[in-house]
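Listed features, source TrEMBL:
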REGION    26-99  region 'Disordered'
COMPBIAS  30-47  compositional bias 'Polar residues'
COMPBIAS  48-60  compositional bias 'Basic residues'
TRANSMEM  252-271  transmembrane segment
TRANSMEM  291-314  transmembrane segment
TRANSMEM  385-403  transmembrane segment
TRANSMEM  474-492  transmembrane segment
TRANSMEM  534-554  transmembrane segment
TRANSMEM  566-587  transmembrane segment
Amino acid sequence: MALRSSGSRKLSFEILSKNKYLEGGGPSLIYQSSSDPFQSQNGGNPSRHNRKKKKHKKRKDSTTDLPIIAEDLVDKQRGSSGGSVLAESKSENYGSRDNGNVNRISYVGGGSVVVLEESVCQNVCGFGELRQRNVNGVVAGGGDDMETVAARADESVVEVSSSKEPFPPVAPQSMANGNVVNTLKTSESLDWKRVMAEDPNYLYTVDKSPLKYFLDEMHYGNSLRNTTTLGSEKERERVYDTIFRLPWRCEVLISVGFFICFDSFLSLLTIMPTRVLITFWRLLTTRQFKWPSAAELCDFGCFLVLACGVIVLGRTDISLIYHMIRGQGTIKLYVVYNVWEIFDKLCQRFGGDVLETLFNSAEGLANCSQENMGFWIRRFVSDQALTMAFSILHSFILLAQAITLSTCIVAHNNALFALLVSNNFAEIKSNVFKRFSRDNIHSLAYSDSVERFHISACLLFVLAQNILEAEGPWFESFLFNAFVVFVCEMLIDIIKHSFLAKFNDIKPIAYSEFLEDLCKQTLNIQTEDCKKNLTFVPLAPACVVIRVLTPVYAAHLPCSPLAWRFFWILVLISMTYIMLTSLKVMIGMGLQKHATWYVSRCRKRKHHLD
């Protein structure tokens with residue numbers, strides 16, 4: 001606010017203006033001070049003041065549309081009338097929405113009213129401001145006061161409020177009541193043809209004839225440019241990795257894992273019983289009780305679980321379960337098989353943890369002191385009972401899965417192909433289109449190795465059932481069905497891992513690293529992360545195999561006499577043991593040699609790269 005007077009009279013007042021925004025059409029708000037305006041200290045005439053106020057209001061309404069609000073007017077006059085008043089009010093807008101503001105100054109005095117209009121223009125950020133004052137008013141007389149006002153109105157002042165270089169000026173916009181007015185576009189700017197003519201792509205898209213368009217498409221180059229991109233060397237390598245390199249390495253990894261599972265299975269049937277018999281033989285010959293070691297306690301616990309599982313499964317009527325699965329018409333056979341397979345995978349994952357708990361308790365019992373002997377015995381017994389119950393449950397699930405597979409093979413309505421299609425493609429759907437990390441793919445490859453071994457156990461069950469119950473030439477049919485099952489399983493694993501590696505950006509070298517970890521596990525070399533090891537519990541498959549092969553051996557034993565029958569039992573057990581031990585030695589030595597060769601090869605390659 002600025003207060004100026006030309007004479008002996010001084011009048012102080014404020015003029016505040018509230019502009020109407022474009023979006024609001026309501027009336028202006030008028031705030032009036034509580035002080036008594038136009039009250040003179042020398043006892044001014046109220047009627048004269050009212051006449052001046054009305055006159056000033058009329059002049060204001062005739063000169064501007066902006067509402068002017070008088071507030072805190074104090075009439076300080078030392079002389080009589082005829083004084084002049086010049087009130088100047090200026091407001092600046094530093095915001096980014098309005099590019100300008102208009103303020104008006106009213107001059108009242110000597111029967112004349114002059115409205116001084118000040119326009120403030122700023123750039124966007126307020127670095128510089130330009131003020132211009134113009135005189136718009138009605139003069140009815142005024143002498144020296146009007147000269148003073150005219151002299152002030154003719155001034156043009158340009159002020160720069162910042163030393164920084166201002167931004168480029170903003171384009172001028174229409175102003176109304178101090179605010180920006182958004183004007184409508186003209187009809188020329190909305191001319192669609194003119195806009196399209198100015199578009200550089202218009203001539204190539206609209207004015208072409210069909211023949212010219214076809215010729216341009218013929219000579220443009222890549223005919224699928226809108227839906228494909230040009231290939232690169234990296235994309236070519238990914239294609240060949242998906243088709244050739246990765247399937248080979250994946251199959252080698254799963255096959256080595258399968259033979260490791262087979263070696264563990266043979267160890268359970270050959271090495272473990274031999275060690276248990278040696279322990280009992282030493283105990284009988286020395287007749288001195290020696291506290292067993294952790295390995296002996298583990299062997300004893302596994303032998304007890306295996307014996308109990310075989311005994312319980314021996315009480316199971318396989319033919320009854322077979323007819324129950326085949327006779328029911330509510331659930332399809334492939335659905336039943338998928339259900340058993342899901343429970344089998346869950347038992348695989350949890351069975352390793354249960355067996356580790358048993359081995360931990362056995363190690364604690366072997367190394368405990370006399371004071372903690374009771375605690376560790378109770379702990380070992382409870383873990384032994386849990387392992388036994390869980391292994392028997394897993395054995396029943398695996399036996400039901402084998403019976404379902406046998407039912408599908410024997411059925412004459414192509415149930416086997418329906419089983420393979422539904423099971424394998426459901427596996428692809430549940431794995432391929434998900435995001436997997438490198439460790440998850442590592443575990444999935446090991447899981448496929450265990451699954452392949454369980455399928456082999458189921459096929460062995462089918463073979464045993466055909467030996468006992470099949471009539472006519474059945475061996476060729478069995479070989480064909482077993483070949484189809486294995487080939488489908490191999491193809492599905494290859495497709496699954498190939499596209500998993502493609503979608504998750506896994507290189508084929510990763511499968512070679514997985515195989516290196518598996519070879520280190522075979523050589524009992526400690527790796528950095530023990531979770532990368534292959535976990536396989538052969539107790540449930542061993543129980544199922546022993547249960548299905550026992551009737552086959554019993555069918556070829558002589559009926560009488562008892563001694564002769566017992567002799568043939570010993571002969572068959574001995575022959576089976578020798579064959580299994582020989583197979584165990586060959587597979588174990590082959591795995592050891594392969595693991596040694598592969599680990600040394602990987603070390604040489606890493607040394608060469610370094």
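Note that Cβ sites are derived from N, Cα and C of the backbone, with glycine treated the same way.
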Most Cβ pairs under 8 Å with the transmembrane segment (252-271), selected from 385-403, 474-492, 566-587: 566-587
Residue numbers, six or more beyond the limits of the transmembrane segment (474-492), whose CB comes under 8 Å of its CB atoms: 251, 405, 409, 416, 420, 424-425, 427-428, 451-452, 455, 459, 462-463, 466
Same-chain residues at least 6 beyond the ends of the transmembrane segment (385-403) whose Cβ lies under 8 Å from its Cβ atoms: 301, 304-305, 308-309, 312-313, 316, 318, 321-322, 325, 337, 340-341, 343-344, 347, 350-351, 354-355, 357-358, 454, 457-458, 461-462, 537, 539-541, 543-544, 547-548
Non-local residues, at least 6 beyond the ends, that sit with Cβ under 8 Å of the transmembrane segment (566-587): 259, 262-263, 266-267, 269-271, 553, 556-558
